[in-house]
Amino acid sequence: MSATRSAYMEEEGVFHFHMEHPVPAYLVALVAGDLKPADIGPRSRVWAEPCLLPTATSKLSGAVEQWLSAAERLYGPYMWGRYDIVFLPPSFPIVAMENPCLTFIISSILESDEFLVIDVIHEVAHSWFGNAVTNATWEEMWLSEGLATYAQRRITTETYGAAFTCLETAFRLDALHRQMKLLGEDSPVSKLQVKLEPGVNPSHLMNLFTYEKGYCFVYYLSQLCGDPQRFDDFLRAYVEKYKFTSVVAQDLLDSFLSFFPELKEQSVDCRAGLEFERWLNATGPPLAEPDLSQGSSLTRPVEALFQLWTAEPLDQAAASASAIDISKWRTFQTALFLDRLLDGSPLPQEVVMSLSKCYSSLLDSMNAEIRIRWLQIVVRNDYYPDLHRVRRFLESQMSRMYTIPLYEDLCTGALKSFALEVFYQTQGRLHPNLRRAIQQILSQGLGSSTEPASEPSTELGKAEADTDSDAQALLLGDEAPSSAISLRDVNVSA
């Protein structure tokens, strides 16, 4: 349980838990199952099912203590005693949750080393920002997520260097702008201070604006004081002042101006176009973004390869591109490259054929974060020769982050009946919330007029017969289609 102390009374068969600090209700959580522990540091252990324990232990042994120590140097002592991690089944509906003393994280992330590092460090950062100092209302979630994302990147910079941090930031900001195109620049959920008024679904607050626009504002504040270390000192004082309480944005901003009186005298909160009030209440993208030039050694090769694949003549460009060995790239580099191709889809069919010839087998051996992006390219370009890989992926992946994007793409294009067939085969293994979400995506897709395309498969032919109104009613049960805003291409952790 998310508790500072626990004990098991064998004679009574009862577990006792105690939390010595006040916490908000959303951080009270417990987990039960066939879970075994293994120590990975002086104040950390992992809990996992026996089949996962060796992998979880080998990937995190020693690393969590390194991240905790880096965070302590930046923001003061870790105040929760233990920092344990429990790995949950692939059907767990979110990536990770920062429950104090016991981070919950989806076991699927063990495939992707760099995403595992970032997600765990993000949850470590929540120990100061979110858990110790909490946003008083859900309308200001950025106070937790924006600050935790900033702290996460300070920790990764201290531990892995600025280039890696800039690469990860570039990857996330790309995703932010992709989400902006989907929602529109006037979307109310793109504000940092979202108003929970009629028409705003509270579940839509868990979006990249909360994380990345919030991060950009915090980064902007750090630039105003001119020195990251001085800003670290401010955040340490902020945590010390407000720990174990809930705050609003004005508390943070008043503390900032009190800590830096010279900035208050300069009225930095009222600079034209960058007013604090505008940061909080304007829709649209961040008013300013960080300088990521320190990551150019990692992002330049991505841009160069993408330019090759969009150059002409194709034969010459493909030959040059195939000489670049992306198997030696970082995961975030490959993911960023595939995201750029996704942004340009649909691509000319001859380009997709060349991409498949060059990369399909290689990408199929990589982690799920890479594979889902390639499979989205396959789906958005109706590339049937690789469609069997989409089926195999959806038959093996049960988490929201690896299923929703593909089902949305399948139902946006000409492959709705294929999606319906795969869903019928796998729905029994999905979390109920995820199953309902996919049902709604499918029902909306089946309600459109796009003609289904034929795949060279007798199984697909059988599925096409089910795409009538009877199949739609069976799919939905008593639920009406959702009018939720699509957040495709967006995976966020807690």
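FYI, residue positions are counted from 1 along the chain as it appears here.
From the backbone N, Cα and C atoms, a Cβ is placed for every residue, glycine too.
Look at TrEMBL and you will find H122, H126, E145 tagged as Zn(2+) binding site. Annotation source TrEMBL lists active site, proton acceptor at E123. Feature annotation from TrEMBL assigns active site, proton donor to Y211. Annotation comment: TrEMBL describes 297-442 as domain 'Peptidase M1 leukotriene A4 hydrolase/aminopeptidase C-terminal'. Taken from TrEMBL, the feature region 'Disordered' applies to 445-468. Here TrEMBL flags 448-459 as compositional bias 'Low complexity'.
Summarised by DSSP class, the composition of the domain 'Peptidase M1 leukotriene A4 hydrolase/aminopeptidase C-terminal' (297-442) is 117 helix, 0 strand, 29 coil. Counting in whole angstrom, H126 (Zn(2+) binding site) lies 12 from Y211 (active site, proton donor) by their C-alpha atoms. Fewest other C-beta atoms within 10 angstroms, among the recorded positions E123, E145, are seen around E123.
Spatial neighbours are here defined as Cα atoms within 10 angstroms of one another, and by that definition the neighbours of the residue listed as 'active site, proton donor' among the recorded positions H122, E123, E145 are E145. A sphere of 10 angstroms centred on the C-beta of Y211 (active site, proton donor) encloses 25 other C-beta atoms.
Geometry remark: the residue listed as 'active site, proton acceptor' versus E145 (Zn(2+) binding site), CA distance 10 Å.
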